[in-house]
Amino acid sequence: MTNSLRVAVLGGGSFGTAIANIIAANGHHTYLWMRDEDRAEKCQFERENPEYLPGYKLNDNLEITSDLVASVADADVVTLSVPSQSFREVARRVAPHIPENAIVLSTTKGIEGESFLLMSQILEQELGNVRIGVLSGPNFAKEIIQNQFTGSVIASEHDSVIQCIQQVFASKTFRIYANTDRYGVELGGALKNIYAIVTGMAAALGCGSNTQAMLLTRSLAEMTRLATALGANGMTFLGLAGVGDLILTCTSDLSRNYRVGYAIGKGESLAQVLDNIGQVAEGVNTVKIVKDKADEMGIYMPLVTGLHEVLFEGKDILEVVTGLMTGAMASDVDMQGGVQ
C-alpha cells in the first residue's frame with residue numbers, strides 16, 4: 001500500500017462522519033456512504049452533516065455519496081459504521097463489491113440478537129476470507145471532530161491490519177493502540193452501553209459519587225465475568241476498550257445510553273425516551289440479549305438483571321435498587337481471578 005490510501009466509510013451517522021473526516025484530513029482518498037440520496041447530496045454540497053454533527057465543517061477532501069458500489073470501488077480499507085440492527089444487511093449488500101485485498105473494519109458496538117454474534121463475526125460470515133479488524137474505545141464523535149485528544153484501539157489477529165489502520169487513523173489528536181484480542185475489544189464496546197443506562201438512572205435519582213464509584217466497579221466486574229466465560233482475555237477490560245470506554249460512557253451526557261437512563265430515571269417511558277432521543281441507543285437492545293445469554297450460561301449479572309426488570313418487566317426503579325443493595329454480599333475481589 002502507498003502512503004495515500006482509498007478508504008470507504010459506510011454509515012453517515014455521527015461516528016462514521018467523524019472518523020471519515022479524520023481520515024480525509026490525514027490525506028487519504030475518503031468516501032463516506034449514506035443510505036439516503038438527498039441527505040448525501042446535501043452534506044456533500046453544504047460540507048456539513050446537520051442531522052448528526054451540526055455546525056462542524058467537513059474536510060474538503062471527503063467525498064459523500066449514496067452510491068454504495070462506487071464508494072468501495074478499489075478501496076484499500078472498508079469501514080462499517082452502521083447500527084448493529086442493520087449491520088448484517090449492509091455487510092451482505094456490499095460483500096460482492098469489496099476488493100479482494102481490502103481490509104474490512106468494524107466500528108459498531110453491538111451484539112446481534114438471536115445469534116449473539118459480534119459485528120466482526122458477522123463480517124466473517126458475510127464476507128468470507130478477508131482481513132478484519134475492530135476499532136473501539138472511549139470515543140465520542142463530537143469530541144473527535146473537535147480534534148480533542150482521543151485514544152482508541154485497533155484489534156486484529158493480523159499485524160498488517162493493525163499497522164494499516166494505525167497509518168490511516170492516527171493523527172496529532174487521535175492515537176491508536178493495538179490489541180490482538182478482537183473478541184474482547186469488541187465485547188467491551190458492546191457491553192458498556194448497558195451500564196451507561198444504569199449510571200444515567202442513578203444520576204437522575206440524585207445519587208452521589210459513592211454510588212457512581214460502586215456502579216462503575218461492579219459494572220466492570222460483570223462485563224469481565226461474562227467476557228472471560230465467553231473466551232475473551234480479562235486483561236483487555238483494563239484497557240481503553242474496557243474500563244476506558246466504560247468510564248466515558250457512564251459519566252457523560254454525550255452518551256445516548258446515559259441519556260436514556262437519565263430520562264427513565266426521571267419518570268419517562270422507554271418508548272417516549274427512544275422517540276425523543278432520535279438516534280440509536282445500542283444499550284437498550286443489548287440488555288435483552290445479554291440477559292438471555294447470562295441466564296443460559298449461569299453467569300451472575302445482577303445489574304443486567306435489575307435493568308431488564310425496570311426496562312421490560314415494569315418494576316419500580318427504587319424497588320430494584322433496594323433488592324440489589326439487600327441481596328447476598330459476595331467477595332469484592334477473587335485473588336486468583338480478579339474482580340468478582
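In case you wondered, yes, glycine gets a Cβ from its N, Cα and C as well.
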If I go by Swiss-Prot, which of K109, K172, K288 binds sn-glycerol 3-phosphate at the same site as G137, K192, D245, S255, R256, N257? K109
Using the alpha carbons only, what distance in Å do you get between N257 (sn-glycerol 3-phosphate binding site) and R35 (NADPH binding site) once rounded? 24
Same-chain residues at least 6 apart in sequence whose Cβ lies under 8 Å from S255 (sn-glycerol 3-phosphate binding site): F140, A196, G200, L248, T249
With the sn-glycerol 3-phosphate site defined by the record as K109, G137, K192, D245, S255, R256, N257, how many Å span the farthest pair of C-alpha atoms? 16
Which state, by DSSP, holds S255 (sn-glycerol 3-phosphate binding site): helix, strand or coil? coil
